[in-house]
Amino acid sequence: MRLKAALPKLELYLYAAVLYLSLLWAGTWIWDASADNVNRKVFKKSVKPGWHYFGRKMDVADFEWVMWFTTFRNHILFALAGHVIFAKVCSLISPRHRSLIYGLYGGLAVLVSMGGGFLVLVLSHCFILYSVALVKRKWIVFVVGLASLATFKMEPFNTWQEGFVTGYFDLQDILFYGGSCFTILRCMSFALENCEKKDGNYTFTDLLKYNFYLPFFYFGPIQTFDQYHVQANNPNLTRKQREMWNITTRALLHLGAILVVDVFFHYLYILTIPNDMKLVKQLSDWSLAGLAYSNLVYDWVKAAVMFGVINTVARLDHLDPPQPPKCITMLYVFAETHFDRGINDWLCKYVYDYIGGSHTNIFKELVATICTFVVTTLWLGPCELVYIWSFFNCFGLNLELWVDKIFSIPPFSNIEYAIGEAMSRRIRAVFGALNFWTIILYNILALNSLEFAKLVGKRLIVQGFPLSTLSVLFVTYCGVQLVKERERKQALLDDPEPAAVPPAPQDMPEEVGKKKAE
């Protein structure tokens with residue numbers, strides 16, 4: 001099996017040394033660029049006073065991170081802590097009705113935070129999609145659901161619905177769009193699961209209990225209705241062995257990640273630098289490569305921490321929420337690329353896997369990926385940048401399937417078998433390195449800007465060829481090999497190879513048998 005192909009340990013040590021030294025070197029370039037240009041005009045907008053006792057300023061270019069862990073930290077912690085305490089008390093009193101209690105607390109929190117107008121707006125969308133669910137036709141659910149989602153992404157419907165929220169505060173837009181759009185996806189999940197229900201229908205109360213679970217309401221992640229309904233209505237609240245220890249460990253890891261990011265933001269201004277194109281053009285190729293990579297790593301860390309905090313609360317409520325996204329460093333295939341596991345699971349279940357089936361037919365796979373990215377484009381908000389991002393990621397996913405299909409048939413499959421497993425792994429890692437940078441270039445479109453993505457691509461592929469191009473690819477190749485080694489070890493744990501069984505005495509040659517007898 002190619003996944004279990006091993007390489008010499010000395011070779012792996014070389015890969016690790018090259019990778020870590022290169023990351024350290026690129027980091028020093030970014031550090032110097034951050035320290036030398038802290039007083040630039042562009043920096044003054046997003047680099048604010050931080051650690052006064054160290055004289056360091058902090059990169060605050062990411063509004064979401066600042067909102068979660070600085071500006072509105074106390075508000076968010078108060079709401080989640082209130083949910084945990086209230087839910088725990090009520091679960092002890094009436095474990096059979098805890099899902100109803102979660103929904104009542106969530107609805108009350110939404111009413112207090114956003115007002116009665118917003119609550120009425122959300123309930124109206126819930127009622128519309130519940131009515132559609134009773135028809136039990138999936139295509140009608142998709143038409144109505146996506147049309148409802150589009151009303152929050154397009155004018156003039158968007159502005160009209162914003163009018164239901166009275167007053168204004170800094171967090172209003174985030175809560176409005178988060179609560180509204182996640183509501184639509186949750187209602188669609190409910191409706192699609194109701195289409196699958198053979199006997200009768202789920203009730204409107206089931207939908208409200210599912211939608212108004214507070215930890216998931218504003219910021220996600222999405223948990224499909226079938227999973228939430230079973231878990232939230234399970235009266236057995238006994239925990240597995242060491243479950244609370246695991247929850248506590250995860251919470252401490254998230255706290256540690258927050259502190260590490262805070263330290264990095266005081267020394268590496270990775271979010272502000274890409275906004276200053278004059279400065280970016282002066283950076284070395286290695287700095288640009290490190291900057292692009294670090295932006296994607298940070299976005300993964302942000303998603304993992306934000307969803308991790310919410311998931312910790314959900315686990316305290318005896319739920320099994322979607323897992324955090326896979327680290328960008330571990331990704332070298334488009335099929336596993338995502339930053340929101342909940343949305344990814346939703347899209348896979350209701351669109352990608354539903355249309356693509358076993359994903360062996362190239363035409364069905366093409367239709368499935370196109371439909372998936374059409375829904376994703378609507379979810380992200382239709383605009384030129386999202387169109388470009390969706391097109392290239394859709395193309396990359398399909399190209400990956402086509403190449404895999406081609407190399408699985410003779411004569412390519414025969415050649416791969418003939419060169420041996422270790423060499424096959426090395427060749428696949430070369431393609432993985434190319435794929436890795438394709439994923440980075442496609443995704444910094446959405447995270448930074450089209451200009452920054454074009455500059456990184458031009459410098460690393462055209463102007464930096466051959467020295468910068470090949471050296472960056474070699475470092476990436478080393479990283480892919482280390483990821484493959486980790487996957488190999490995990491595969492051996494999941495599916496250990498059977499131990500060699502010594503032959504029985506009767507199966508031995510006669511001479512060997514005589515020697516053993518002597």
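Note that Cβ sites are derived from N, Cα and C of the backbone, with glycine treated the same way.
Note: TrEMBL annotation is automatic and uncurated.
Annotated features in TrEMBL:
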{"type": "TRANSMEM", "residues": "12-31", "note": "transmembrane segment"}
{"type": "TRANSMEM", "residues": "75-93", "note": "transmembrane segment"}
{"type": "TRANSMEM", "residues": "100-133", "note": "transmembrane segment"}
{"type": "TRANSMEM", "residues": "251-270", "note": "transmembrane segment"}
{"type": "TRANSMEM", "residues": "290-310", "note": "transmembrane segment"}
{"type": "TRANSMEM", "residues": "429-448", "note": "transmembrane segment"}
{"type": "TRANSMEM", "residues": "460-480", "note": "transmembrane segment"}
{"type": "REGION", "residues": "491-518", "note": "region 'Disordered'"}
Recorded stretch, among 12-31, 75-93, 100-133, 429-448, maximising Cβ pairs under 8 Å relative to the transmembrane segment (251-270): 12-31
Long-range Cβ contacts under 8 Å made by the transmembrane segment (12-31), restricted to residues 6 or more beyond its ends, are 267-270, 273, 283-284, 286-287, 289-291, 293-294, 474-475, 477-479, 481-482, 485
If one takes Cβ-Cβ under 8 Å and requires six or more residues beyond its ends, the residues near the transmembrane segment (100-133) are 79, 82-83, 86-87, 90-91, 94, 140-141, 144-145, 148, 161, 163-167, 172, 175-176, 179-180, 183-184, 187-188, 190-191, 194-195, 201-202, 204-205, 207-214, 217, 232, 317
Under 8 Å between C-beta atoms and at least six residues away from its ends: which parts of the chain pack against the transmembrane segment (429-448)? 274-275, 292-293, 295-296, 299, 328, 331-334, 337, 380, 385-386, 388-389, 392-393, 396, 400, 403, 456-457, 460, 472-474, 476-477, 479-481, 484
